[in-house]
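Quick paste of what Swiss-Prot says about this protein:
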- 104: active site, proton donor (ACT_SITE)
- 434: active site, proton acceptor (ACT_SITE)
- 619: active site, proton donor (ACT_SITE)
- 86, 87, 88, 114, 136, 137, 138, 139, 140: (6R)-10-formyltetrahydrofolate binding site (BINDING)
- 347, 368, 369: NAD(+) binding site (BINDING)
- 393, 398, 432-433, 460, 492, 526-535, 613: UDP-alpha-D-glucuronate binding site (BINDING)
- 1-304: region 'Formyltransferase ArnAFT' (REGION)
- 314-660: region 'Dehydrogenase ArnADH' (REGION)
- 102: site 'Transition state stabilizer' (SITE)
- 140: site 'Raises pKa of active site His' (SITE)
């Protein structure tokens, strides 16, 4: 039976050996070049392939059409993947009549994704395993063919668990590969309700946060012990690594991070204390805890910290362009609530941020991004994080002023992106749910959903494609020039200060503001094309909390990611939104100041938005990236958001001339 193999690491080597022992004919092996920054303690797939006389390749992009064609010419009967690090395109998987199978180091459906070996230890699991499953378009989601369980001992560390997994994988493959060859396998679908997914880990993820419990920190040490990079902390500006540790449940009470004793080296935690059994100062040698304490100059009462002291002293400088806008002013409020941010802002007005103007860590300049280019370039260079939030984002403007939308949303933002590349600054860019366009997926997925827009003669799409092209430019700068970036896609955020009723009067506002204006003025609520279009409405507080976590970027998990920020549970049609808003309006204590409700009126989109408009029937986000990268879930119910948004706008109305 002919096979093509994708393999890396020890698991790749043992998988190849198992295939050969089972009588498979391996036509080619695809692997990776070794990362010079990674400690190579594992077997070489390339060397094994060469010794066995099997053609071996390590392309940068195995999914490139040229490689897909070359694999097709090999005519594999079956495909196997053993710890290959890149997602293999469905076009390749479909080349094998018997299908494609992947070996994964966890008990699927739990711990899908990357580094399951390390994650199970981080999370203190007592059991894991290996799974052979059929490969499908979604990573690690195919039917299970075989599975072996492994107990995790309390003294297991990453390398001992790795050896256990390798031993189990050999057993599993020895039992299962002949059955696959004979076409005699039983497949069990994975239970999606039990699925969990984890992202890649980097050395920076393993800092010890002393406010956590000693048990949690001990698990971190176990998860990344040698030959992995190790858990670390700081004494002042000096970094040190903890290679092994021990939990002390009953220890004297002390401030987390304080040295309780130096022999043994015992550090107070949020709960209990952690004994550093062995460790290493900087680039030195490994030594026992008491010697490490002496080397680091620690005494009883000394304090450790999770980051260098110099980093802790300086506030992170955040540049927000469009700081007076809906997202900008709420984000400013969230950042200033903490004591480690300095916010620099630019906008053409200041009504929404007037409450911050006297704050010592808020610096505002009134100006236009198309004019104040020198100020912007200087502050991009000066700041650590850049959020270019300036955009025309109201649908009526897409058809009314398409060229202005392009000039502001694309051209001006491209200049800012290039400044970030020039000065090597981190950019957090507001993409949009609009980029998905008329995608037919049930859930819009950042990494897999197609971005589908209408024809050129529908100018309504100029906003969507401007944003999409900027997304692609940023991604390319990240790949080719090392730009540190995160793209976030808001899904219908709403709340107080969304826009204003004056904007609604000229049709240049979001849907809920327009509906509130209709109620305030006693005019009919217009339902465009019947108002059956569905959206997932997200409370601004939920959205801002997610955006704040992107800025925090714990363990650099947000770098290079695209993250939907929306609430898939708050799905409603525009008609349903209007009905919920009306019910809230009728119960409001200021209701008697306003005219009677004038009813709903169905209007055609062309008469409201003008020629060249197309609508989208549904827009529901997948939030798996937000869960994985941010540990975030939306919490606020749509009705609460509607009530608070309505109350805010009603209290902005001048009631002096209204009858009481």
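Going from the start of the chain as shown, residues are counted 1 onward.
Each residue, glycine too, has its Cβ placed from N, Cα and C.
Keep in mind that what you see is a predicted model, and the values were worked out from it rather than measured.
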If I take the alpha carbons of residue 138 ((6R)-10-formyltetrahydrofolate binding site) and residue 433 (UDP-alpha-D-glucuronate binding site), what is the distance between them in whole Å?
21
Name the residues of the same chain, 6+ apart in sequence, whose Cβ is under 8 Å from the Cβ of residue 529 (UDP-alpha-D-glucuronate binding site)?
602, 603, 604, 605, 615
Rounded to the nearest angstrom, how far is the Cα of residue 140 ((6R)-10-formyltetrahydrofolate binding site) from the Cα of residue 347 (NAD(+) binding site)?
45
What are the non-local neighbours of residue 136 ((6R)-10-formyltetrahydrofolate binding site), defined as same-chain residues 6+ apart in sequence with CB under 8 A from its CB?
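The answer is 90, 93, 142.
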What does the structure give for the C-alpha distance between residue 526 (UDP-alpha-D-glucuronate binding site) and residue 434 (active site, proton acceptor)? Integer Å is fine.
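On Cα coordinates alone, these residues lie 22 Å apart.
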Would you measure the largest Cα separation among 86, 87, 88, 114, 136, 137, 138, 139, 140 for the (6R)-10-formyltetrahydrofolate site and round it to whole Å?
16
Using only C-alpha positions, which one of 86, 88, 104 is spatially nearest residue 369 (NAD(+) binding site)? These are the recorded positions in the record.
86
Please give the maximum pairwise Cα distance, in Å and rounded to a whole number, for the NAD(+)-binding set 347, 368, 369.
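Roughly 8 Å, rounded to the nearest whole number.
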To what whole number does the mean pLDDT across the region 'Formyltransferase ArnAFT' (1-304) round?
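The answer is 95, the mean pLDDT of the model over that range.
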Including all protein chains shown, what's the count of other C-beta atoms within 10 A of the C-beta of residue 532 (UDP-alpha-D-glucuronate binding site)?
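Around residue 532 (UDP-alpha-D-glucuronate binding site), other Cβ atoms within 10 Å: 14.
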